[in-house]
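Notes to accompany the following structure.
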Amino acid sequence: MAQTPPIVAAHGIHKHFGTLHVLKGVDLMVAERELVFVIGPSGSGKSTLLRCLNRLEEPSSGSITVDGIDMLSRSTDINAARQRVGMVFQSFNLYPHMTALGNVALALRKVQGKSRAEAEARARAALDRVHLADRAGHFPGQLSGGQQQRVAIARAIALEPRVMLFDEPTSALDPELVGGVLAAMRELREDGMTMVVVSHEMGFAKAAADRVVFMADGLVVEQGPPAELFGAPRHERTRAFLGQIERH
Amino acid sequence: MTGLDRFLDSFFNLRVAVEYLPKIIDGFWLTILLAFCIILSGLAAGLALAVLRSLGIRPVNWLIIFVVDLFRALPPLVIIVLLYFGLPAAGLSISGFASAWLSLALVLMAFSEEIFWAGITAVPRGQWEAARSTGLTFAATLGHVVLPQAVRMVVPPLTNRTIAITKGTALASVVAVPEILGAAQAGVSFSFNPTPLTLGALAYVVLFFPVVILGRWIETRFAWKR
Ligand SMILES: Nc1ncnc2c1ncn2[C@@H]1O[C@H](COP(=O)(O)OP(=O)(O)OP(=O)(O)O)[C@@H](O)[C@H]1O
Ligand SMILES: [Mg+2]
């Protein structure tokens, strides 16, 4: 197989919050079309790592390139670069004063400078990909949590990012709504989207992930294909964590 | 004359009322003009300061907080008098209308800045992050995502505060502005009869009753459901 350059290449990422050392030299490579799952105990720095990748957090040191663009360089237009990195949040964060269509179309218009008609056509297409074309005119308050999260996914993919970051996309959802969001993610994956997913949905990880990364205390402890990491974890920390998860 | 007759003659004297009604009506329009100027410039300045504050430039924010607290602490009448009688001493003459306008606009600016700022900070962090993650600039995020939500949240307190400060237009009578109260007082001193004050009170009711009702309507209309 020809070696394609990685979509995400993060090296030696450190992050301090004041005196708190949250990331202690994390490396993360994500190949094109790869789905990488990140797991680990609460406070291990998973969210912080994701947020460093699109520079919502400024790493204290290290290097990050996404699709060849140096995300940390002062000369990088961060707003242009961020369009290549879609992000989906635990709490959806839809704009409550805009319809689903408005939510998806906003950046298409204001960042990519598309006309209203073109932006809305693209927004509709993105909503269609998450099977919510019929909800385009609804406000977030009129949608279920699962539908809101799918609109949030549409908002991100409408910009045609090179990689999608998911930070616990289903944790805020009632159990019966999780399936729809996971289905949308799986379809994205089948369309060839590169994805980094922080989640506790181990079933999804086993079924869909190419690689699972286990983090603890701001470090990557071990990583590997899901069958390996779940079936035969090498580190004691990993075993303890997986044992805890299973008891839930 | 019985007591009732005397009372009616004092406060509801038809002859005096007819004579001074035109002056009161002039005052009515002047009050509206003054109120309009105050509301427009006061709210615009308050919003501008709140936006400036959101940039998070420390020394600028200290200055904003100082100015805001100053104008919230000073009684509006003191500011009006200070500008009207104080500025000429400094070589700058200012009309009564201008000093009332400027003073009350500054007070409304101060209070509305605090209210707008409270609205901006009440918008969840996640809204900023979602918008910035799609590549929106700080300004675009503020303008399209944060301010619409912030303003909507603060419409009720803002309406109340604006009405309260706008009623301060009556203070302009002190610096010889013939707005409603000024016109009424002038009428009283010329006619030696308080009926113009009755007219003035009526004019205030006519002017502010709809505003208060509107405020009430806005309050229910903008009750924010998520
Ligand atoms: N903005 C911040 N300021 C200060 N400390 C922070 C900040 N953001 C995160 N932290 C701290 O950094 C550590 C790692 O947080 P992070 O959210 O990355 O963990 P996580 O692995 O995502 O945990 P969880 O599974 O609970 O979401 C925690 O101790 C957290 O309290
Ligand atoms: Mg987290």
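Heads up, the Cβ atoms here are built off N, Cα and C, so glycines get one too.
Fair warning: this is a prediction, and the values are worked out from it, not measured in the lab.
The feature domain 'ABC transmembrane type-1' is assigned by TrEMBL to B:28-215.
Per TrEMBL, the feature transmembrane segment maps to B:28-50 (among others). Same-chain neighbours of the transmembrane segment (B:28-50): 64, 67-68, 97, 100-101, 104-113, 115-117, 119-120, 158, 162, 165-166, 169, 172, 177-180, 183, 203, 206-207, counting only residues six or more beyond its ends whose CB sits under 8 Å from a CB of the stretch.
Outside the transmembrane segment (B:62-85), and at least 6 residues removed from its termini, the chain residues within Cβ reach (under 8 Å) are 49, 52-53, 94, 96, 99-100, 102-104, 106-107, 109-111, 113-114, 165, 168, 171-172, 174-175. According to TrEMBL, the transmembrane segment annotation covers B:62-85 (among others).
Here TrEMBL flags B:91-111 (among others) as transmembrane segment.
The annotation transmembrane segment is assigned in TrEMBL to B:170-192 (among others). Counting only same-chain residues 6+ beyond the ends of the transmembrane segment (B:170-192), those with a CB under 8 A from a CB of the stretch are 16, 19-20, 23-24, 26-28, 30-31, 34, 76-77, 80-81, 84, 96-97, 99-100, 104, 199-200, 203-204, 207.
Annotation source TrEMBL lists transmembrane segment at B:198-218 (among others).
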